[in-house]
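One structure is given below, encoded as structure tokens.
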């Protein structure tokens, strides 16, 4: 190696973290740009028609009435798109892609907060892995969905909890809820923390509600009823099938629909009550056997378990509803590598169902639901077994 080569290599190694961040960011963007022209079913029949309806309805004036079934903040963003030049598909996907990077950054900060030896290397690895998860790429770059937006705010909320910035945590949670109803999948964690840690007042949940409402103010100012931000979400709960192609417990009997209304209603409430029961049992165990405080990895363990329990047992889950759980699983697996098997199974399954939604690929929902239920059960056993072991060791140390 010549002296000049040695100097170049030394420089590259000295600044390897920054160079890697730049390279991986550019490569991740390039992949998404390659996919950006793809028009999904959802874009053709929902996103683009909503844009046209808002544009023809007077743009900002169109906020007076509901367009589509997303929350007012997202409709307001679509309204802003109508004032921008170029194809609206670029703005839809561009926004989601931007939040892919926010997602990766916040996820990397969470990882560095919960591990014992954080470093620039662990930050870079986590950031890179999140950006290259196939379903995260597909969700924004291919599908043009906004899941990266609400999950970014949930991750910011969790990061704030780790730093004991509770006010910011609940503000972020409220913003996430303003963008997606599926934020409720993580809500039981906050109720658990309220009971277990007694660190914040119940009034903090009101802070989330206020943040949610403030995000909806553009519609209220334009003449919407004060209660409309809430009624929009009630509209989203009126599904017609017990399963909307998400591999979970209801996927085993996915053919049940409103064509057999009595059976559909019976099973719908069965799965809802089963979810509540599973959460109650798990949270009781955590309150009784977990440590005095839920911090670090413990917080992430239970965030994954709670969100996964919701999507595993609730009825009428869509193919994208596991997005939050999968992002949390990736972060957890980097921190605790033994969970990579659970994570890979979840990600591969999700990739297959994304492909079904995008390209009409044939898929056996019953088979993958069986696999998903087993994967969830194994993860649950591992998490609660390890939690119990940590609690026993902690008590032994105290007695000593």
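Note that the numbers count up from 1, one per residue, in the order the chain is shown.
Each Cβ is built from the backbone N, Cα and C atoms, and glycine gets one as well.
Of the listed segments 144-169, 170-195, TrEMBL assigns transmembrane segment to 170-195. From the options 123-142, 223-242, 243-262, the stretch TrEMBL describes as transmembrane segment is 123-142. Taking pairs at least six residues apart, the transmembrane segment (123-142) and the transmembrane segment (89-111) share three or more Cβ pairs below 8 Å and count as touching. Listed as Cβ neighbours of the transmembrane segment (327-353) (distance under 8 Å, sequence separation of 6 or more from its ends, same chain) are residues 103, 107, 110-111, 114-115, 122, 125-126, 129-130, 133-136, 138, 151, 155, 245-247, 297, 300-301, 303-304, 307-308, 319, 361, 363, 368, 371-372, 375, 378-379, 382. Proximity of distant same-chain residues to the transmembrane segment (299-315), defined by a Cβ-Cβ separation under 8 Å and at least 6 residues beyond the stretch ends, is recorded for 110, 114, 158, 161-162, 184-186, 188-189, 192, 239, 242-243, 246, 248-250, 267-268, 271-272, 274-275, 278-279, 282, 286, 290, 321-322, 324-325, 328-329, 331-332, 335, 372-373, 376, 379-380, 383, 386-387.
Proximity of the transmembrane segment (269-287) to the transmembrane segment (170-195) is established through 3 or more Cβ-Cβ distances under 8 Å for residue pairs spaced 6 or more apart.
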